[in-house]
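Participant: Feature table excerpt (TrEMBL):
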- 1-39: region 'Disordered' (REGION)
- 10-24: compositional bias 'Low complexity' (COMPBIAS)
- 25-36: compositional bias 'Gly residues' (COMPBIAS)
- 368-407: region 'Disordered' (REGION)
- 390-406: compositional bias 'Basic and acidic residues' (COMPBIAS)
- 465-613: domain 'N-acetyltransferase' (DOMAIN)
- Glu532: active site, proton donor/acceptor (ACT_SITE)
- Cys536, Ala537, Val538, Gln543, Val544, Lys545, Gly546, Tyr547, Gly548, Thr549, Tyr574, Ala575, Ile576, Gly577: acetyl-CoA binding site (BINDING)
Amino acid sequence: MADSAGIQQGSPAVGAAGSVPAAPGAGGTEGSGAAGGSARIAVKKAQLRSSPRPKKLEKLGVYSSCKAEGACKCNGWKSQNPPPTPPRTDQQSHTVNLQEPCRSCSHTLGDHVTHLENVSEEEMNRLLGIVLDVEYLYTCVHKEEDADTKQVYFSLFKLLRKSILQMGKPMLEAQENPPFEKPSIEQGVNNFVQYKFSHLPSKERQTIMELAKMFLNQINYWQLETPSQRRQRVPNDDAAGYKANYTRWLCYCNVPQFCDSLPRYETTQIFGRTLLRSVFTVMRKQLLEQARQEKDKLPPEKRTLILTHFPKFLSMLEEEVYSHSSPIWSQDFLAGASGGQIPIHTVISAPPVARPLYYSTSPVSMDPSTCGSVSPARKTASILEPNPVGEKRKPSEPLPHEENKRPRVVGDIPMDLINEVMATITDPAAIPETSLLSAHSARDEAARLEERRGVIEFHVIGNSLNQKPNKRILMWLVGLQNVFSHQLPRMPKEYITRLVFDPKHKTLSLIKDGRVIGGICFRMFPSQGFTEIVFCAVTSNEQVKGYGTHLMNHLKEYHIKHEILNFLTYADEYAIGYFKKQGFSKDIKVPKAKYVGYIKDYEGATLMGCELNPSIPYTEFSVIIKKQKEIIKKLIERKQAQIRKVYPGLSCFKEGVRQIPIESIPGIRKKELKDPDQLYSTLKTILQHVKSHQNAWPFMEPVKKTEAPGYYQVIRFPMDLKTMSERLKSRYYTTRKLFMADMQRIFTNCREYNPPESEYYKCANLLEKFFYTKIKEAGLIEK
């Protein structure tokens, strides 16, 4: 039997309890005091459950109705001589006599617990757990000062009390059951990582995952402000909506952390974007402030992660949280070609909320009998560690090799070598900073660093006839009008003003120290599939700093989000060079019928276009190129180190040998077979041996699409033994290297597409070993 009690959807409950409410906006996380409090309650439950049966009956009798004949209405047995003060836990309790009368109805304790005589120990222990939760909530009700919070405490108290009377399971009765919004916060952050960082190498993506886990962990422990506190801080907010979410959070996430007889959910799994929007700004501010205050306590390996990467991560996430068109909150986000939704734990999942790692100089007592406030202590959690110590991986959380595979060109360089090189350059401390004055630094590098430090900001703004004017946006629009007027003197000022303030036009503004220093004014034509860039300028004293390139990169990413992949603009002779550097050309990809009559025509200007690639993260593109160059540089250095290898001297002459073949000298490259017929004959023999091997059967023919769905999306350069036979007959293999490269590609492709435990993977390994044995026997490589 399941008992339920109605919880008013708008009533705040347990989370912000305490005799001294937190200051408005002072969200925080439940610190070591909270963890210690739940632990103490668990210890008390364990002690009570190990007590003698009469002691258990006494405890349950207090909350059990009288079962004596005569329809007694007493709903709980009371001792005739209750102690004036609660007995100390270190003192032995007196033995309870089942014949002791109740001071309320005069019936004995035995009459109150007759229904428990045949109850199993397991069921009795479950009821005892509810009893301690009732006592904890009872104390909370009397200590709590906030009226709304007190009301929900009392509702939960009655729910658990009723569960004991009816021997049922407590079940909250509400208009909606969890989850309350889809996608959840956890899924949204998961989508955000995929959307923004899927292009990064494995090591860097792992860093982003750590940041995401850290963020989700903070939300799961975040202490929401009460609705009354929020009304004081944000008067014009949706008070009813916040109050409903606040109540749900308290009933389903916060109270069950201490009263484990209630069902427990993680905040990030049952709430979505609405709750995240209501707490994100305050939470971000406090987390960053806390990080700055605790920077001296941070271990060196965490310092860069917390102080440098985490602020950037939060800034990028904030944009997606408050954007009305962000794709990460779509239910269909990342639906693959097969139509299946990527599981919620594919990228990240919040760590369990039972054992966080905190800074604490002294434990905070949570014993209701000794605490001034029985509510969870408001101690901010340290953000040094995203996961509890010793936490095990969830079953649904993938192992590293189970990460989503992205299509890539498979070359002849072993992946082990690539990963080894990547490990030497992905550590931020190990990557040498490129001087901003260096010829090798990217044009937008200085601007990107300034944005990361918060020196500059980018905002897409525009005028509106439907919404109440925003003073700050209007000031920025006036600033943009001034910048465009000064930098484009041949353009009429009235014309600039009309377009900048036209509701159909938007402007990507560049803000530095609170003032506008540049921007790009544009008009989107979604139905035609392009955007017209009208004005583009940066104030003269802020030029040659990479702002123009970074502005355009932000504009490209903004349009990729809105699925518009073509830019058109009329450039004068002074702007053609800039637009060429940004990927524009005179070769217009948009059909003329699409833009004629839509785009504004300027006399004496040149029409230029740019086609966007949605798979390119433009604001980070130069960083990716820099890393790729670094990889190539490291690979070249390793190759050069091998070439420069010093071999030992020849000792054979001391033993009387007069002469040796030159190719037997270590370090002398094996000479290629000069005779084409001899090479053909040798390669043909080797290929025949390989084809007749027992493990060659998977590689005899090209892979069929019907047998391996998606194979040609993963493997860009397929190869098989039949194709090699045809190439050999056509005398394609003029050197041994060409032949060996194709054969190696067969094995590499197989291992790329198939899991290590598959039969195909094992066949590739065995056949590869056999192939190199034959190559060595033929004298084509050193043994």
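Here, residue 1 is simply the first one shown, and the rest follow in order.
Just so it is clear, glycine is given a Cβ too, placed from its N, Cα and C backbone atoms.
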Participant: Cα-Cα separation of Gly548 (acetyl-CoA binding site) and Glu532 (active site, proton donor/acceptor), in Å?
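Facilitator: Glu532 (active site, proton donor/acceptor) has its Cα 17 Å from the Cα of Gly548 (acetyl-CoA binding site).
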Participant: Name, in the order they occur in the sequence, the residues of the same chain whose CB lies under 8 A from the CB of Val538 (acetyl-CoA binding site) and which sit 6 or more residues away.
Facilitator: Val483, Gln487, Leu510, Ile517, Gly518, Tyr547, Gly548, Leu551
Participant: Identify, in sequence order, the residues in the chain of Ile576 (acetyl-CoA binding site) that are 6 or more apart from it along the sequence and have a CB within less than 8 Å of its CB; answer 'none' if there are none.
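Facilitator: Within the chain, Ile576 (acetyl-CoA binding site) has Cβ neighbours under 8 Å at Thr606, Met608.
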Participant: Tally the residues of the domain 'N-acetyltransferase' (465-613) by DSSP class, grouping H, G and I as helix, E and B as strand, and everything else as coil.
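Facilitator: Split into helix, strand and coil, the domain 'N-acetyltransferase' (465-613) gives 53 helix, 40 strand, 56 coil.
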Participant: What is the separation, in Å, between the Cα atoms of Gly546 (acetyl-CoA binding site) and Glu532 (active site, proton donor/acceptor)?
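Facilitator: About 22 Å separates the two Cα atoms.
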Participant: If you measure every Cα to Cα pair among Cys536, Ala537, Val538, Gln543, Val544, Lys545, Gly546, Tyr547, Gly548, Thr549, Tyr574, Ala575, Ile576, Gly577, the residues listed for acetyl-CoA, what is the largest value in Å?
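Facilitator: Output for acetyl-CoA binders Cys536, Ala537, Val538, Gln543, Val544, Lys545, Gly546, Tyr547, Gly548, Thr549, Tyr574, Ala575, Ile576, Gly577: max Cα distance 19 Å.
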Participant: I'd like to know which of these binding-site residues, Cys536, Val544, is least surrounded, judged by other CB atoms within 10 A.
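Facilitator: Taking Cys536, Val544 as the binding-site residues, the minimal 10 Å Cβ count falls on Val544.
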Participant: At the level of the C-alpha atoms, what whole-angstrom distance separates Val544 (acetyl-CoA binding site) and Glu532 (active site, proton donor/acceptor)?
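Facilitator: Just about 25 Å between their Cα atoms.
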Participant: Measuring Cα to Cα, how many Å separate Glu532 (active site, proton donor/acceptor) from Tyr574 (acetyl-CoA binding site)?
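Facilitator: So the alpha carbons of Glu532 (active site, proton donor/acceptor) and Tyr574 (acetyl-CoA binding site) sit roughly 18 Å from each other.
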Participant: If you draw a 10 Å sphere around the Cβ of Gly548 (acetyl-CoA binding site), how many other Cβ atoms fall inside it, taking every protein chain shown into account?
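Facilitator: There are 23 of them.
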